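Novice: So TrEMBL lists the following for this protein:
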REGION    A:1-40  region 'Disordered'
COMPBIAS  A:15-32  compositional bias 'Gly residues'
TRANSMEM  A:52-74  transmembrane segment
DOMAIN    A:53-443  domain 'Oligosaccharyl transferase STT3 N-terminal'
TRANSMEM  A:118-138  transmembrane segment
TRANSMEM  A:150-170  transmembrane segment
TRANSMEM  A:176-194  transmembrane segment
TRANSMEM  A:244-264  transmembrane segment
TRANSMEM  A:271-291  transmembrane segment
TRANSMEM  A:303-321  transmembrane segment
TRANSMEM  A:333-354  transmembrane segment
TRANSMEM  A:383-403  transmembrane segment
TRANSMEM  A:415-434  transmembrane segment
DOMAIN    A:478-534  domain 'STT3/PglB/AglB core'
Amino acid sequence: MAEPSALESKPKASAGGGGGGGGRAGSKAGGPGPGPAPLAGGLSQPAGWQSLLSFTILFLAWLAGFSSRLFAVIRFESIIHEFDPWFNYRSTHHLASHGFYEFLNWFDERAWYPLGRIVGGTVYPGLMVTAGLIHWILNMLNITVHIRDVCVFLAPIFSGLTSISTFLLTRELWNQGAGLLAACFIAIVPGYISRSVAGSFDNEGIAIFALQFTYYLWVKSVKTGSVSWTICCCLSYFYMVSAWGGYVFIINLIPLHVFVLLLMQRYSKRVYIAYSTFYIVGLILSMQIPFVGFQPIRTSEHMAAAGVFALIQAYAFLQYLRDRLTKQEFQTLFFLGVSLAAGAVFLSVIYLTYTGEWHQGWKYAKIHIPIIASVSEHQPTTWVSFFFDLHILVCTFPAGLWFCIKNINDERVFVALYAISAVYFAGVMVRLMLTLTPVVCMLSAIAFSNVFDTRNILDDFREAYYWLRQNTDEHARVMSWWDYGYQIAGMANRTTLVDNNTWNNSHIALVGKAMSSNETAAYKIMRSLDVDYVLIIFGGVIGYSGDDINKFLWMVRIAEGEHPKDIRESDYFTPQGEFRVDKAGSPTLLNCLMYKMSYYRFGEMQLDFRTPPGFDRTRNAEIGNKDIKFKHLEEAFTSEHWLVRIYKVKQLQNRETLDHKPRVTNILSKQKYLSKKVGSQGNYPTKVGSGLSGRW
Amino acid sequence: MISSFLEQYMSTTLQCLKLLDAYLLYILLTRALQLSYCLLLRTFPFNSLLSGFMSCVGSFILAVCLRIEINPQNKGDFQGISPERAFTDFLFASAILHLVVMKLVS
């Protein structure tokens, strides 16, 4: 038993930290609360454990994502599935065999005979280039993998990368715990799996990774305001543009985010730097892809970005001027500027309608173009798809959104907008469920993380047992009701009188009698049993209904079974036969030891401004006896939510206090005697000493 | 009003910021020149025009960002970004920008 005593001898704080840390190390890594202070010694560094755990979890998430996508390949063979992937595979094959420039300038005369197809200009090359690059690198390292295998397994591998980028993004938005949860969710969420299985060699496989990564870099650049992060974001955006036509989502969501920040008066120089750099460099990068060409400055889909760019330039300039000019000057300048801008807008509207540029962009009139409307993936989404693709996450996703909005800051505005727009688009087309899936994973992770964060975990029992373990003598004896015997023996390591074995009914009855009698009688019993501490459970503060007052009648009945002359159950009820703890309760109950121990100092406690002080939440009554004083006990410990209360039994006093008042020697009685002897002089004392000399 | 603004500007801004502002003015003039060419003459080699234009705008924006980041008044907004780091970012970004512009010009 050397270890427990060693634990006891350490100062309370570190041992408590060690015990608590040991209990909490098994839970989710990077937990929100303040971790224990780093102890000396390499292996017990919490920060090290944290990153090891994060790494392991992410690796396992990658593995899970990869393996769950392999079903078809394991069952059949490594082969490309579906329709679109076969074109992608053929192009990648061409790329791998003939080289990059041949691929970019490829004119395919074997498709659309006799028209042919300009592949280089009508394809998003990112997918093919990625697969080709991986194939090339592996072959350089003399790992001879066939291009078909690279294509088949590309999507599962990139799902792992998507998990990691989702982790990074959620960590920026909330905390590490939420990030890990999000990574695990997106690794196995069906909505993403169904479009990225092994063999499904399609744009979405890499596009979702590029999407999440670009968003992560965008959030990072808004947070830091550094140009290098923004450039990285632009490069990632370039990759996204090369990968999928859904890049339009990014180029509209980011300007929307900036615009909403402006509206919310959250403008800051970091936002200005991030967006201006992103827009220009991103624009020029996106025009590198032949398929995109000059669309970013022509079509209406990209006009929002340009508009917000112009707006933020104007806003920043005005801010700059405002710092320099006086209010009057600024106002005149402002009016001038606004009228000029209005004039410019008016002129440009006239110009655009005149040249017909407006009509170029109504690409979303999908219901009017039969070919587009006939594709099954473009049909409106049914609720069944929402549930099958997202399972439980679809329920926790609104909670996460609410948490984000409640604790708003710049990046959470972004994720809220992302969520709202993704929900709208997912409702329009089944295919776009895919864009909803990442944000649902992230927000659900935030919701779950918040649930684990909030201190709804009550750990009063262990708190009290550890107090007993560290603050009482090793051989102290603890009296409590038998329910808690095993726990006290196990966690607090103290001697108990009765425990869950319940083999000796008379012993339990003695304890019950002590609990039910008044303090003096109970004290006699406790002295005879050598009790040092008394432990009770009290649920009146939190409304816990399994406390000792609710079990009290059983204590009474068991005690009555052995000591029928001293304890009578009917004494504890009101004359009407009710068990009440308020003023109308029976006096025996209001003065018994259990009552006093439960409600000591409770009369001063007001839990709620609507209820009076001393309101017992479990019995829903205001207690009857608020002014409780102990003679033989003193309060030793009460846990955080008053669940466990421990009292110390005082030793016998050195001197017995008297039951009666001390004798008082009264002068008045002597005078009565004197005046009777001398004569009736009245009842006032003259000279006490010379009273016998008579009258003079 | 403009004269009072100019006076205040001359007195309060630092030397290095004034240098940057001169650079910004130069870029602005170049851009105005390009725009007038575009409007008055022709837009045939559209990609060259675009790349030239973008190059101007890009350099302008990057210089503005640099100016914002090294302005000591704005220290609060940018924790962890020293002026040296800001300048390095500027160089890195300009390199990427001009690489892409070169590609687009051809």
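Cβ atoms are placed via backbone N, Cα and C, with glycine included.
Where the annotation comes from TrEMBL, it is an automatic prediction and has not been curated.
Could you tell me the structural context for the features on the list?
Specialist: Taking Cβ pairs closer than 8 Å, the transmembrane segment (A:52-74) reaches residues 29-30, 81, 152-153, 155-157, 159-164, 167, 176, 180, 183-184, 186-188, 193, 196-199 in its own chain, all 6 or more past its ends.
Summed and averaged per residue, pLDDT over the domain 'Oligosaccharyl transferase STT3 N-terminal' (A:53-443) gives 86.
Outside the transmembrane segment (A:176-194), and at least 6 residues removed from its termini, the chain residues within Cβ reach (under 8 Å) are 28-32, 50, 54, 57-58, 61-62, 64-65, 68-69, 159-160, 162-164, 166-170, 208, 388-391, 393, 433-434, 436-438, 440-442, 444-446, 448-450, 452-453.
The list of residues near the transmembrane segment (A:271-291) in space but at least 6 beyond its ends in sequence, with Cβ under 8 angstroms from a Cβ of it, reads 104, 120-125, 218, 221-222, 225-227, 229-231, 233-235, 237-238, 241-242, 247, 251, 254-255, 258, 261, 297, 305-306, 308-309, 312-313, 315-316, 410.
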Novice: How about the transmembrane segment (A:150-170) with the transmembrane segment (A:118-138) - do they touch, taking at least 3 C-beta pairs under 8 Å (6 or more apart in sequence) as contact?
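Specialist: These two stretches do touch.
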Novice: Could you put numbers on the helix, strand and coil content of the domain 'STT3/PglB/AglB core' (A:478-534), residue by residue per DSSP?
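Specialist: Helix, strand, coil within the domain 'STT3/PglB/AglB core' (A:478-534): 34 helix, 6 strand, 17 coil.
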Novice: Before we move on, state whether the transmembrane segment (A:303-321) and the transmembrane segment (A:383-403) share at least 3 Cβ pairs under 8 Å, counting only pairs 6 or more apart in sequence.
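Specialist: Not in contact, no.
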